[in-house]
Amino acid sequence: MSAIESVLQEKRVFPPQAKASAGAAISGMEAYKALVAEAESDYEGFWARIAREMLSWHKPFSKVLDESKAPFYTWFEDGELNASYNCLDRHVEAGRGNDNAIIFEADDGTVTNVTYQDLLDRVSRLANALKKRGVKKGDRVVIYLPMSVEGVVAMQACVRIGATHSVVFGGFSSKSLNERLVDVGAVALITADEQMRGGKALPLKSIADDALAAGGCEKVKDVIVYQRTGGKVAWTEGRDLWLHEIVENESNQCEPEWVSAEHPLFILYTSGSTGKPKGVQHSTAGTLLWAAQTMKWTFDMKPGDIFWCTADIGWITGHSYIAYGPLAIGATQVVFEGVPTFPHAGRFWEMIDRHKVTIFYTAPTAIRSLIKASEADAKVHPKSFDLSTLRILGTVGEPINPEAWMWYHENVGRGQCPIVDTWWQTETGGHMITPLPGATPLVPGSCTLPLPGIMAAVVDETGQDVPNGQGGILVVKRPWPSMLRNVWGDPKRYQTSYFPEELGGKLYLAGDGAVRDKETGYFTIMGRIDDVLNVSGHRLGTMEIESALVSNPMVAEAAVVGRPDDTTGEAVVAFVVLKRARPEGDEAKQIATELRNWVGKEIGPIAKPKDIRFGENLPKTRSGKIMRRLLRSLAKGEEITQDVSTLENPAILDQLGEAR
Ligand code: 7RM
């Protein structure tokens with residue numbers, strides 16, 4: 001309940017400032033309410049109107065929403081289009097080929113500008129090269145690349161020829177990459193020799209080699225390698241190809257493959273409550289439409305704006321708000337290879353200053369870590385840079401605490417920029433609940449109100465609406481165009497994860513808890529209600545980490561929970577029972593380090609437990625169920641006040657509660 005109380009205590013309200021409202025796409029609450037009313041009175045008409053306005057159709061659609069196979073919905077199904085045409089060609093055809101599409105800043109500060117014409121040429125060349133290698137419509141291509149122009153080019157080249165990409169974040173291990181290659185049935189892999197982050201070269205190709213060697217992905221015929229650093233790599237003749245070599249003699253003309261609106265645009269893996277990550281399948285028209293429309297509504301993008309989303313293309317935010325949304329509306333955006341703390345923790349502010357960024361979109365975890373850094377060193381404080389071009393700030397990925405919100409508002413936004421706290425998910429394709437910069441009065445820590453057309457609600461365990469002021473389960477009551485279409489290869493899991501029978505089978509279950517304010521109806525997200533952790537805005541399944549731990553030969557049993565963390569939002573805490581006697585002192589430290597590295601290798605460094613505690617056993621009920629509730633209390637260092645009389649082994653709590 002403490003989360004709700006702190007929300008209800010938040011009384012500060014920041015009404016939209018006149019200059020944010022003037023000329024905004026949605027210029028006030030009246031305009032917002034008019035759109036909400038339009039969607040409510042004619043749901044399909046509303047979506048059809050914006051789909052015609054935002055996208056260029058090769059063949060117009062005649063049907064809008066088809067609910068006959070619910071919850072497998074389709075939108076605009078008989079329409080045909082190409083996402084890459086919408087992101088590139090149409091701007092060039094409109095005479096804007098010389099406009100900058102991407103301002104790329106490398107880890108070492110080197111800046112490269114890429115115009116829409118350049119980008120179209122590069123995408124077409126790679127698209128032709130892929131076609132020549134036999135990649136065709138419907139094939140899946142895995143992309144394992146650093147933040148780069150090539151990353152965006154690779155995604156766009158796939159969709160240009162109707163191939164479906166699945167981007168794997170460059171921080172994932174060879175095992176994670178292997179699982180995704182196998183599950184998605186990839187025919188090609190696009191990777192790089194190495195990636196540069198914070199002045200260090202990190203391997204990618206060798207991890208990709210290990211992933212391919214691990215088996216199950218024999219369908220991968222080609223491994224295309226972007227030469228980023230020129231570092232030494234092993235080479236498999238007949239399989240490995242240098243990207244620069246295969247595009248060299250290709251034409252810069254490539255007729256886009258026109259696909260159905262429902263054709264899978266991409267598959268992106270995300271953690272769920274059970275072991276294996278889910279391949280979230282998105283459609284072409286719906287996801288592109290919403291990425292484009294939210295660029296206009298949430299970010300109020302206008303000609304002359306410079307947009308910067310700091311996410312990685314390996315996450316949904318980098319898909320919708322780097323690879324697709326900004327390009328679909330013909331915007332200019334900054335793409336950054338590096339990390340916020342290199343060569344100093346003022347890098348973000350320095351880059352906003354250098355590139356005259358007007359709209360900046362980042363994660364609360366980055367803000368919190370930069371607050372700390374700038375308190376320690378005035379030189380990296382935002383006030384040491386000229387941030388006067390900024391007009392809108394955004395956050396995403398996790399709840400933002402009111403303190404971080406206020407700091408962001410005052411120090412980065414100079415008290416003048418609205419903050420759009422955007423709630424959404426891999427599965428939703430784009431923003432769902434968010435303030436509008438020219439309309440919505442802001443309350444720190446609240447994502448405020450649903451976008452027009454999004455029927456979000458808070459319900460109880462039976463699917464009944466709960467009154468405002470009472471916490472509950474966040475759901476969406478009607479299908480929307482950018483929602484996921486399926487879990488790749490597992491329709492059953494799609495149905496049970498997102499449209500559970502308990503809620504009546506029709507409500508989209510987001511997996512988050514939420515509460516709406518009594519007076520304003522504003523939503524505040526209270527975090528996941530399932531076994532998913534959010535560490536620095538990254539989604540991690542507790543079961544995934546547990547499976548990684550128990551696959552270590554030393555480990556007999558493991559349970560993983562989250563603990564609130566000042567910087568990362570949540571931190572991973574693992575309770576581990578070894579096959580040998582419970583270690584103590586230096587031995588415990590050493591094994592903990594080993595296990596941490598093990599998890600890093602199994603999943604990726606982001607999943608490494610911050611804290612590992614060893615016990616002779618785990619707290620279990622007499623029927624053998626692990627009491628995670630108790631583990632969460634222990635992880636937080638709380639005193640156990642619950643009744644533990646049903647525990648098989650209450651003494652274990654003292655052992656596990658001991659600070660390491
Ligand atoms: C975009 C993204 C989704 C989960 C979601 C929430 C949490 C995201 C916010 C937020 C509070 C926000 N996709 N979340 N945005 N919580 N306020 N503005 O993050 O699939 O990786 O994660 O992230 O728990 O369910 S994601």
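Cβ coordinates are placed from backbone N, Cα and C, and glycine is handled just like the others.
TrEMBL has this to say about the protein:
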- 32-87: domain 'Acetyl-coenzyme A synthetase N-terminal' (DOMAIN)
- 95-480: domain 'AMP-dependent synthetase/ligase' (DOMAIN)
- Arg197, Gly198, Gly199, Lys200, Thr317, Ser536: CoA binding site (BINDING)
- Gly397, Glu398, Pro399, Asp421, Thr422, Trp423, Trp424, Gln425, Thr426, Asp512, Arg528, Arg539: ATP binding site (BINDING)
- 544-625: domain 'AMP-binding enzyme C-terminal' (DOMAIN)
- Val550, Val555: Mg(2+) binding site (BINDING)
- Lys625: N6-acetyllysine (MOD_RES)
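Distribution of TrEMBL features across the structure.
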| residue | record | Cβ neighbours (10 Å) |
| --- | --- | --- |
| Arg197 | CoA binding site | 17 |
| Gly198 | CoA binding site | 13 |
| Gly199 | CoA binding site | 11 |
| Gly397 | ATP binding site | 24 |
| Pro399 | ATP binding site | 23 |
| Thr422 | ATP binding site | 24 |
| Trp424 | ATP binding site | 25 |
| Arg528 | ATP binding site | 18 |
| Val550 | Mg(2+) binding site | 15 |
| Lys625 | N6-acetyllysine | 12 |
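Nearest Cα neighbour of Arg197 (CoA binding site) among the listed recorded positions (Gly397, Val550, Lys625): Gly397. Residue pair Val555 (Mg(2+) binding site) / Thr422 (ATP binding site) shows a Cα separation of 40 Å.
Looking at Ser536 (CoA binding site) and the residue listed as 'N6-acetyllysine', their Cα atoms lie 29 Å from each other. Under DSSP, Lys200 (CoA binding site) is assigned to a strand (E or B) in the three-state scheme. Val550 (Mg(2+) binding site) is 32 Å away from Thr317 (CoA binding site) when you measure Cα to Cα. Shown for the domain 'AMP-binding enzyme C-terminal' (544-625): DSSP residue counts in helix, strand and coil, namely 28 helix, 27 strand, 27 coil. Other Cβ atoms within 10 Å of the Cβ of Val555 (Mg(2+) binding site), summed over all protein chains shown, number 19. Ranking the binding-site residues Thr317, Thr426, Ser536 by how many Cβ atoms sit within 10 Å of each one's Cβ puts Thr317 at the top. Close to ligand 1, meaning a Cβ under 6 Å from one of its atoms, are these of the binding-site residues Arg197, Gly198, Gly199, Thr426, Val550: Thr426. Those residues noted as binding CoA (Arg197, Gly198, Gly199, Lys200, Thr317, Ser536) have their most widely separated CA atoms at a distance of 25 Å. Between the CA atoms of Gly397 (ATP binding site) and the residue listed as 'N6-acetyllysine' there is a gap of 31 Å, rounded to the nearest whole number. Taking the C-alpha atom of Thr422 (ATP binding site) as reference, the shortest distance to any of the recorded positions Lys200, Val550, Lys625 belongs to Lys200. When the binding-site residues Gly198, Gly199, Lys200 are ranked by how far their Cα is from the Cα of Trp424 (ATP binding site), Gly198 comes first. Look at Ser536 (CoA binding site): DSSP puts it in coil. Among the residues Gly397, Glu398, Pro399, Asp421, Thr422, Trp423, Trp424, Gln425, Thr426, Asp512, Arg528, Arg539 said to bind ATP, no two Cα atoms are farther apart than 18 Å.
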